Amino acid sequence: MNRDLPRGKGTVDAQAPLAAGGPFALEVRHLSKSFAGKTVLRDFTLSLRPGEIHVLLGANGSGKSTLIKALAGYHEPDAGAWVSVGGMELPFGSPSTSYRLGCRFVHQDLGLIQSMSALDNIFLTSGFPTKGGAVDRREARRQARAALDRIGLDIDLTSVVSSFGPAEQTALAIARALLAHGGPPPSLLVLDEPTASLPGHEVQTLLDTLRTTAAAGVAIVYVTHHLDEIPAFAHRVSVLREGRLIDTWDADAVDRQELVTHLIGSELVAELVGAKEAQAQRRVDNHTEPILSVRGVRFRQLVDLTLDVWPGEIVGMYGLTGSGREDALAVIFGSKSRDGGTVRAHGHDLPPGRPIESIRKAIGYLPADRKVLSGIMDMSARQNMTLVNVRPFWRWGLLRSKPELSEVAKWFTNLGIRPADGESAPLSTFSGGNQQKVLLAKWLRQEPQVLLLDEPTQGVDVGAKVEVHRQVQHAAQAGTAVVVSSTDVEELAAICTKVLIIRNGRVVDELVGPRVTVPEINRSFHAEAPMDELVVNNAQVDS
Amino acid sequence: MRKSIPNLGMDRFSGIYLGILFILIFTIATPLFLTESTFHVIASSQAVAGMIAIAVLIPMICGQFDLSVGANANFAGLVAVVLLNDGWSFLAAFLASVALGLFVGFVNGFIVVRLKVSSFIATLGVSSILTALAVIVTESIVPPPPSSQAWTKMTQFEVGGFQIIIVYLFVLALLVWWMLEWTPAGRYLRAIGGNTEASRLAGVHVDRWAWISLVLAGGISGLGGVLYTSLTGPSFTFGATLLLPAFAAVFLGSTQLQPGRFNVWGTLIAIFVLAIGVQGLQLLSSVLWLSAMFNGVALIAAVALAVNRTSRANPRPSRLRLNQTDEDAVINAASGTVGQEGSKQPAV
């Protein structure tokens, strides 16, 4: 989670005094929301000044999405709530009114069309300015340029979106959201986990964009799971837990540990610490044969991926998106077909591009993209979990649901999946963290000898993250070789016995034992980073 | 498999209620309606429609369209007649025609899986080729009905007033229901239909199952075609009239019993409710355009219903997949982006 990467300008003005006086950009009083008698948000009260960056923290299910939906006009809150935006009262339950009063929302899923130009995307939803019935390209370009300037983004408007980096794409979505469309200028921007899938240096670029945006007088509500984004960025921080606003702090008056404790409760914090200690005591016997052996594998950016993994090891892979790291596990498993090199699992060569063969060799793979590659959203959690192997439940010509249910229930208990009796509910009804637990259990029940995890805790809440880490360590103790590919340095430092640094398509460094720490990983990563790469990163920050 | 516990819920049994409503209305409207023969006619005339709908259903579950079912049925029926007239024994002609249907399904599968042509296009093309082949095989003359006793007995033998063909339909439905709901095959087909890539990464033989589903659809179509021809005599055109009601029934069926899932019994309910509607209207008025009009409207209404149902159960911002769903990301539309339905459920 540590994004301790080169910082550009803007770290200072984050602490600049806020505009005092005048109407609040957002004022929420006594907002509660119940579904079918169950209160998911309780008496929420908060005020934001124009230009304030307010970080909102909360585990999945803490009520933050309900709050956002209420502001956006998708939920009608319980009676007694009062909300004003830019000094004007917000009537509930009308998305278009919410938009007109100046509330804007940008989601993790940006809603950009990758194959269209930046300009087309900006006007896609609002309609192009026209002259005599035809699109007025010049006026469109002028408006778009103004919108980009406001947030300090300098990109080529005619390039297609897919050619931009993730941070630029997010910034583009922000610029689009902030278009005024003839109404009052937007006063509130809500971002829901915008950095969940961004690599470290891209995060800083985005945070800079947001600072510029806030400096122009827009209040920002920023939802994140990444606590280390708070210092030098946010003005204030609020924590939601179980539908209640626990408290609001000035960002520089609260430390990380305190926030974690408020977020997940002190029990889980203790466990997080314990896991790290247990890992330090584990030793791996490197004298036997490696269970997974990868030699000279080539695929897109990967030019020569070579690594060995022994039973009981947890090997981390760290590298920017674009270093080839993001494809490494998919290529090893065979979900993407490699262009060259060999992959051997306990002595057997694996053919390229054949996931089935890998599964037969007791390899499991949890892809990074839960919704597209991993979960079958409209099937039940149970069927998702047992899909890899339903044979044990197949007797006398029937798939028996009783043994299947009891096995799935066991995993539900084991991983603390909520709701606890949701075995037969569609996967789509679970929260992100619980979906990930279901999909992890899908592989754990195979008792794999090699477990490949791609960004296993991306976009999941802190509680689920702890659980995933605990399960991974548990599996490793039982002899499974685990490979974790992640952009989350803290995650790697917390669970790995060895971390491989990947750059330009190959493993450039290997950190073992006491060197598996956040500062060491970052140091190794930067020490060998070629100068031009750093220059490129800084150039992005400055633009 | 969710068990469908009978209750009065309109969400699951609306089709049955609609059927009862039809029966009541037509009973009041015309004395011709509520007679034994009406139901005998509906049962036998819809038995093959039901089989073709089941043929459509299987590949549909794993996300493949089979538009060739009608042409396939028609072709298989004509071939059976031609073979019988050529002096083949009943059994040989029957088996050969059904095998031909399976082979057509195999070819569909080859085009879809190996040549990677979308099933929509592939089966549309094959359908046209089959129509051409039917003309070639028969030398463009409708062949005379075969004289074989077994040939007509096969479908017209009566059990308690009903022609036996309806029994075949229920045996087939039972088998397919068992396969879809109680075997790993059904599980895999649904998984592939839900998310093909995720299924592949979970070790499901995605291509193999898509292929098998098309082969099964072909075989069932061939069987249905042979039975239809035995029942009503050889013709060049019956296949085309079966296709649309089959799709209507499959989609309408997905709003019944297990809403949001294509399922066998829902499909059969839909077939018979639609048939009761058509039959009743035809008794009231003898215009020729009625059943085509009724089936067209029913197909569109069925798909609209099914789509609304699934989007409520599983909110998906856009059918065009401009964006992936996220349980937290609900409000793309608030920033004015793509059309979207708000989730009615609180995050778990």
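Even glycines carry a Cβ here, placed using N, Cα and C.
Remember, TrEMBL labels are computer predictions, not curated facts.
Database features, via TrEMBL:
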type: TRANSMEM; residues: B:12-33; note: transmembrane segment
type: TRANSMEM; residues: B:39-58; note: transmembrane segment
type: TRANSMEM; residues: B:65-84; note: transmembrane segment
type: TRANSMEM; residues: B:90-113; note: transmembrane segment
type: TRANSMEM; residues: B:120-142; note: transmembrane segment
type: TRANSMEM; residues: B:162-180; note: transmembrane segment
type: TRANSMEM; residues: B:209-230; note: transmembrane segment
type: TRANSMEM; residues: B:236-255; note: transmembrane segment
type: TRANSMEM; residues: B:262-281; note: transmembrane segment
type: TRANSMEM; residues: B:287-307; note: transmembrane segment
Quick test of the contact rule: Cβ under 8 Å, at least six residues beyond the ends. What residues does that give for the transmembrane segment (B:12-33)?
4, 6, 252-253, 255-259, 266, 269-270, 272-273, 276-277, 279-280, 283-284
Take the C-beta pairs under 8 A between the transmembrane segment (B:209-230) and each of B:39-58, B:65-84, B:120-142, B:162-180, B:236-255. Which stretch has the highest count?
B:65-84
With an 8 Å cut-off on Cβ pairs and a sequence gap of 6 or more, do the transmembrane segment (B:162-180) and the transmembrane segment (B:39-58) reach 3 or more such pairs?
yes
Do the transmembrane segment (B:120-142) and the transmembrane segment (B:262-281) come together with 3 or more C-beta pairs under 8 Å, pairs six or more apart in sequence?
no
Distant-in-sequence neighbours of the transmembrane segment (B:262-281), which means Cβ under 8 A and at least six residues beyond its ends:
15-16, 18-19, 22-23, 25-26, 29-30, 33, 38, 41-42, 45-46, 49-50, 53-54, 57, 60-61, 169, 173, 176-177, 180-181, 193, 245, 248-250, 252-256, 290-291, 294-295, 298, 302
